[in-house]
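As recorded in TrEMBL:
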DOMAIN    4-121  domain 'Response regulatory'
MOD_RES   D58  4-aspartylphosphate
DOMAIN    137-237  domain 'HTH LytTR-type'
Amino acid sequence: MYLTIAICDDDHVQVDLIYKYILKSPIKRYDKEIIKTYEGEKLLEIIRCKKIDIIFLDIEMKGMNGIEVAREIRKINDEIVIIFLTGYKGYALDAFSVKSLDYVIKPIYEDEFNITLDKALRRVDESRAYKGKNDYFVVRNKDEIIRLKYDEIFFFEKQQRKIKIYSHKGNFMFNGTIRDLECQLEDVCFLQCHQGYLVNMNKLFLFRKDEIFFRDIEKTVPVSRRYKKSVVMQLEKQLI
C-alpha cells in the first residue's frame with residue numbers, strides 16, 4: 001500500500017521530530033511519501049493538487065491556525081485522516097467539529113505517537129476496504145457499459161493492448177493499461193503482483209511460492225520477483 005503523509009507545523013524542530021518518528025515506526029514497511037510544510041496555507045495548496053492520506057497538523061500556528069486549516073481541508077476532502085498537534089487539551093470540541101481522528105499533546109513521545117499513527121493507518125485501511133466493497137468499476141466498450149463492484153473482481157490481466165477482467169459476473173475486455181489501472185485503483189485493495197496483473201488482495205485465498213490462488217475460480221495469477229515483496233508485506237499487514 002502506498003501512503004502519503006503530510007506534517008504541518010511552524011516549528012521546524014517538531015516537524016523534524018515527527019518525520020523521524022514516522023521513519024522509525026512500523027510504517028517503514030509501507031511505500032510512502034512524507035511531505036514537510038510549515039504553513040497552513042501551503043498545506044492547502046498541496047492538498048488541492050495532490051492526494052494526501054494522513055496529516056499531522058499543529059493547531060497553534062502563525063497565520064491560519066490548525067482548526068481553520070482543517071475546516072478548509074474538509075471543503076476539499078472529507079476522507080483525509082487529520083491528527084492535531086497541540087500543547088493544550090482545550091481544543092477537543094474544535095477538533096471534533098472538523099472530524100479529526102485524534103490529537104497528540106506536546107511534548108510528543110515516540111510510544112504515544114506510534115499508537116496514534118497505528119490508529120491512523122487502520123482508519124486508512126478501513127476507508128480503502130469500504131471502497132473496495134461498495135464502489136464500482138465501470139467498463140465501457142463500444143456496445144455496452146458494465147458496472148462491477150470492486151468486491152466482485154478477482155483480478156485484471158493484460159492481454160496485448162487490452163485488459164481482461166475476471167469477476168464473479170464473468171470476464172470482460174476493455175482498452176487500457178495496468179499502469180493506468182494501478183493509479184485509478186490506488187485507494188482500493190488492488191495490488192500489482194506482476195507486469196501483466198493487478199489482483200484484488202481481498203479475494204486472495206492462497207499464496208504459494210510464486211502463485212496466487214482464488215477460492216471461486218481455477219485460474220491462478222503469477223507473482224514476479226519484482227513484486228513479491230510488496231505482496232508479502234500486504235498479506236502480513238492484513239493479518240495484523
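Residue 1 is the first one shown; counting continues down the chain.
Heads up, the Cβ atoms here are built off N, Cα and C, so glycines get one too.
Automated prediction, rather than curation, is the source of TrEMBL annotations.
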Worksheet entry | Under 8 Å by Cβ from D58 (4-aspartylphosphate), same chain, sequence gap 6 or more | C8, D9, D10, D11, Q14, G66, F84, L85, T86
Fill in: For the domain 'Response regulatory' (4-121), mean pLDDT (0 to 100)
90
Worksheet item: Taking DSSP states H, G and I as helix and E and B as strand, how many residues of the domain 'HTH LytTR-type' (137-237) are helix, strand and coil?
Response: 26 helix, 48 strand, 27 coil
